[in-house]
Amino acid sequence: MDVLLANPRGFCAGVDRAIEIVKRAIETLGAPIYVRHEVVHNRFVVDDLKQRGAIFVEELDEVPDDATVIFSAHGVSQAVRVEAERRGLKVFDATCPLVTKVHFEVARHCRAGRDVVLIGHAGHPEVEGTMGQWSRERGPGQIYLVEDIEQVATLQVRQPENLAYTTQTTLSVDDTMGIIEALRVRYPAMQGPKHDDICYATQNRQDAVRDLARQCDLVLVVGSPNSSNSNRLSELARRDGVESYLIDNASEIDPAWIVGKQHIGLTAGASAPQVLVDGVLARLRELGANGVSELAGEPESMVFALPKELRLRLVS
């Protein structure tokens, strides 16, 4: 039995930046530092930051006056920003720059008076933040959430001739393209972004897991259950006809999964650290894996800048 590692896998530039912002804020300003929502969707990462002095909250009313708060990588609505400013909270924004790009698109369409269709998953914090970029004060348009092709058939927009779409950044590329095509059939005048809103890291990891699926009879995806991009990776492998499981760490591996398998693929979502992948590799060796190789994959060199106040110190 051998193991084939996907490449790229694990942390993307937006996740790296968000985690580093929390670490450096704690080091520079001292604990506690409040973080609105899990900074990234990974239990191991969140637990580590808690031990360092981060306090995770869901709403700003849980943050004391005069405290420092960090917005998670998923972004926040304009209402949250306004509330933080009204209360005089010190804010570090860890929103992924690629999510911020989507926010700017929605705000631009809103100012132009367009209706906007957001393709995404209801309840996901990124979607809530993006939906929250629309406001009546910014323009007369409306924003609508579409989760799947079936909803396109029943969608009723106010301005079919003045309509644009945007997407959550962590969706399945194939699912999203199908929804966009259905929207274009129904609303031929619909505008779209100049470049795909699904981020480069999501695309690269989805391409890599499909490469794994072609060569393996089992694919394990390291990631937490609430990680959208990690769930999509496991779904894609299963869609390609390969048994696949999403696991938080090595302890969740069921030895029965390995029985009779010759080639095991291993990847990790964009919010899962390499240390968890290493733990899974160690467990697979205990279960009989005797060789590990790595796909070539798509090189990634993207780095996102930290806030100016946090650029001077290094955190291990």
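Quick reminder: no glycine exception, Cβ is built from N, Cα and C everywhere.
Swiss-Prot lists Cys12, Cys96, Cys199 with the feature [4Fe-4S] cluster binding site. The local packing around Cys12 ([4Fe-4S] cluster binding site), expressed as other Cβ atoms within 10 Å of its Cβ over all shown chains, amounts to 28.
Residues or ranges marked as (2E)-4-hydroxy-3-methylbut-2-enyl diphosphate binding site by Swiss-Prot: His41, His74, His124, Thr169, Ser227, Ser228, Asn229, Ser271. Of all Cβ atoms in the protein chains displayed, 28 besides its own lie within 10 Å of the Cβ of His74 ((2E)-4-hydroxy-3-methylbut-2-enyl diphosphate binding site).
In three-state terms derived from DSSP, His41 ((2E)-4-hydroxy-3-methylbut-2-enyl diphosphate binding site) belongs to neither a helical nor a strand segment and is classed as coil. Just so you know, the Cβ of His41 ((2E)-4-hydroxy-3-methylbut-2-enyl diphosphate binding site) picks up 28 other Cβ atoms within 10 Å once every protein chain is counted. Marked as dimethylallyl diphosphate binding site by Swiss-Prot on the basis of sequence analysis: His41, His74, His124, Ser227, Ser228, Asn229, Ser271.
Under the DSSP three-state reduction, Ser227 ((2E)-4-hydroxy-3-methylbut-2-enyl diphosphate binding site) is assigned to coil, being neither helix nor strand. Remark: Ser227 ((2E)-4-hydroxy-3-methylbut-2-enyl diphosphate binding site) has His41, Asn42, Gly269, Ala270, Ser271, Ala272 as non-local neighbours, by Cβ distance under 8 Å and separation of at least 6 in sequence. Taken from Swiss-Prot, the feature isopentenyl diphosphate binding site covers His41, His74, His124, Ser227, Ser228, Asn229, Ser271, and the record attributes it to sequence analysis.
Feature annotation from Swiss-Prot assigns active site, proton donor to Glu126; the stated evidence is sequence analysis. Residues within less than 8 Å, Cβ to Cβ, of Glu126 (active site, proton donor) and separated from it by at least 6 positions along the same chain comprise His74, Gly75, Val99, Gly120, Gln168, Thr169, Thr170, Ser228.
For the isopentenyl diphosphate site listed in the record, the two most distant Cα atoms among His41, His74, His124, Ser227, Ser228, Asn229, Ser271 lie 15 Å apart. Cys96 ([4Fe-4S] cluster binding site) carries neither a helix nor a strand DSSP state and counts as coil.
Rounded to a whole number, the distance between the Cα atoms of Cys96 ([4Fe-4S] cluster binding site) and His124 ((2E)-4-hydroxy-3-methylbut-2-enyl diphosphate binding site) is 15 Å. Neighbour counts were taken at the CB atom with a 10 A radius for the binding-site residues Thr169, Asn229, Ser271; the maximum falls on Ser271.
Non-local neighbourhood of Cys199 ([4Fe-4S] cluster binding site): Cys12, Gly14, Cys96, Leu98, Thr169, Thr170, each in the same chain, at least six residues away, with C-beta under 8 Å from its C-beta.
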